[in-house]
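These come from TrEMBL:
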- 91-114: domain 'Glucose-methanol-choline oxidoreductase N-terminal' (DOMAIN)
- V239: FAD binding site (BINDING)
- 278-292: domain 'Glucose-methanol-choline oxidoreductase N-terminal' (DOMAIN)
- H529: active site, proton donor (ACT_SITE)
- H574: active site, proton acceptor (ACT_SITE)
Amino acid sequence: MQTVSIDDFTRQSFDFIVVGGGTAGLAVASRLAQDGKFTVGVLEAGGVANGRDEVDIPGFFGRALQTDIDWKFETTPPGAEGGVKDNWPRGKALGGSSAINYMGWTRAGRADYDAWAQLGNAGWGWDDLLPFFKKSETFHPPSSSAQDKFDIGYDINTFGTSGPIHISYAEDYSQAHQPWLKGLNSLGVETNPAHFSGSNAGLWANISSVNPRTKTRSFATEYCSLAGSNLCILTEALVEEIVLGKADGGYVASGVRFIHNGQEHTVSASREVILSAGTIKSPQLLELSGVGNPEVLSRAGIDVKVDSPMVGENLQEHKALVFIVDVDPELDNPDELILDAERAAAVREQYSRDKSGPLGEIASSYAMVPFTTTIQQDALEKIYSQAHALTELSPAKKAILEQRLRDPDNIGLVEYFFKLGAGAFGGKDSSHGILAQILQQPFAAGSIHVQAKSAAKEDPVIEIGYYHGPAGDVDLELMLQSTRFARNIMLAPPFNSVVRQPFLPPASVFDDDDQLKQLVLNGTRAALHAVGTCSMGGDAGISGGVVNERLQVYGVQRLRVVDASIMPLQISAHIQATVYAIAEKAAHMILEDAAVQ
């Protein structure tokens with residue numbers, strides 16, 4: 001990677017400055033530099049994480065959380081029912097969250113992306129994005145034996161074959177995989193052999209951003225090999241402000257001010273500043289630079305340059321609820337690696353020797369299920385009436401989300417996944433697994449804003465009342481109804497030969513409406529897929545978003561946002577693959593615009 005010293009960085013002249021060397025930042029920077037015509041500088045607050053076991057080894061997923069390469073953000077509950085304090089890990093290293101995430105690689109349904117275009121964001125539908133999805137990835141097909149054994153189906157034409165990020169199915173799924181498939185089939189959920197092709201509803205084996213040749217995580221730093229010496233990356237550099245000057249009655253971005261080793265520096269960009277700091281930090285940096293809601297900026301003591309009311313608003317997050325279940329103790333369980341030090345050492349040695357064994361891949365089983373399957377029709381009609389009465393959503397967004405309540409086939413609106421192993425709950429005398437339930441497209445939204453007299457080194461205030469307000473009531477009812485379907489999954493044969501009974505919570509909770517409601521209210525956590533805080537405004541313009549369809553910030557010339565924050569609506573997928581596609585499309589648009597300037 002082209003990391004440089006502070007002296008080399010500050011003496012360089014740049015066409016583009018990218019703020020944030022994360023998932024989107026390294027992708028867009030590398031593609032701009034690959035063109036060969038431009039110099040690109042990247043400022044990353046963290047360091048280099050490559051080579052660390054907790055990053056590189058797939059089977060160690062989750063171990064990088066709450067370490068020095070995690071921002072360790074926390075949410076602030078709104079103080080009413082439906083609000084909880086929650087940890088929100090985010091990657092603080094080159095590669096960003098792609099260095100610490102769980103490596104899930106999924107696409108949403110065609111209708112998810114077409115909805116972005118429907119809101120007035122031309123060029124952001126499924127057909128528009130598909131080439132950029134493919135451009136980011138190199139797909140490694142599974143072996144024929146794995147396909148037959150685990151019912152893996154796919155459409156080879158929908159995958160990329162030469163992108164920087166390597167993606168693959170596992171070669172070995174757990175003993176619970178086939179009972180999971182058959183159990184959900186019995187509940188009306190069909191196996192989907194083409195879940196990457198525009199309809200993700202149904203059952204399928206997971207794909208991960210794991211290189212099957214090296215058995216290591218494939219993440220955003222792999223983009224850097226596309227560029228030459230015209231890509232310069234400075235780590236341990238915390239950007240505090242985007243430098244905005246007046247021009248033609250408005251503002252223009254000319255560079256950024258940042259801190260490195262306690263010293264303040266300013267670097268200029270002759271063409272554009274590209275903000276890729278993520279859903280949490282990008283709105284914070286806009287506000288610190290004077291772009292945002294005047295009320296928020298005034299409270300923080302920041303001079304208002306651009307009145308942009310949607311900065312930091314529209315925060316959307318997948319809502320996750322996890323059930324710990326007792327499982328058949330005769331099944332091979334990853335918890336044994338926690339409880340049995342001798343076995344753990346042997347597995348680690350096996351991976352070091354030839355990259356074989358369970359540490360080299362991630363295997364879990366997914367189900368993406370429409371509400372028309374998880375919720376009975378009479379209950380769904382009541383929820384539809386609740387949603388229709390909402391006033392806090394724009395009419396265009398509300399209409400799309402209402403339609404989701406009645407879509408029977410093409411979009412999975414509740415994700416369920418199962419894995420053996422649950423962190424060794426209960427010790428050596430019992431075996432456990434995890435069944436997770438994740439609401440994909442919530443009606444309720446939160447916000448992220450600077451603190452009073454805030455600086456970049458201070459965390460912004462993240463308010464995400466998962467079930468706060470009338471929109472939260474709709475989400476609560478959707479989750480409550482979906483927990484009953486989760487219980488049906490546990491009871492469905494032959495999966496009920498894997499799951500013996502619920503452990504946390506106990507089975508009695510599912511039969512008590514009040515206890516079940518408290519479980520959902522107090523137990524819901526983020527799935528770590530936050531989006532929307534600098535969203536595309538579409539037809540609503542600056543009153544409905546922060547950037548236009550070319551990701552240019554309203555009211556500021558030569559400034560774009562390129563990361564998950566630009567999504568106007570949440571999607572029915574883990575967001576990693578979509579963030580890469582956003583970055584690929586952004587680079588294409590930026591180069592298009594540069595060619596005519």
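In case you wondered, yes, glycine gets a Cβ from its N, Cα and C as well.
All protein chains included, V239 (FAD binding site) registers 24 other Cβ atoms within 10 Å of its own Cβ. Taking Cβ-Cβ distances under 8 Å and a sequence separation of 6 or more, the neighbours of the residue listed as 'active site, proton donor' in its chain are E317, H318, A564, Q570, H574, I575. Take the CB of the residue listed as 'active site, proton acceptor' and look out to 10 A: across all protein chains shown you find 24 other CB atoms.
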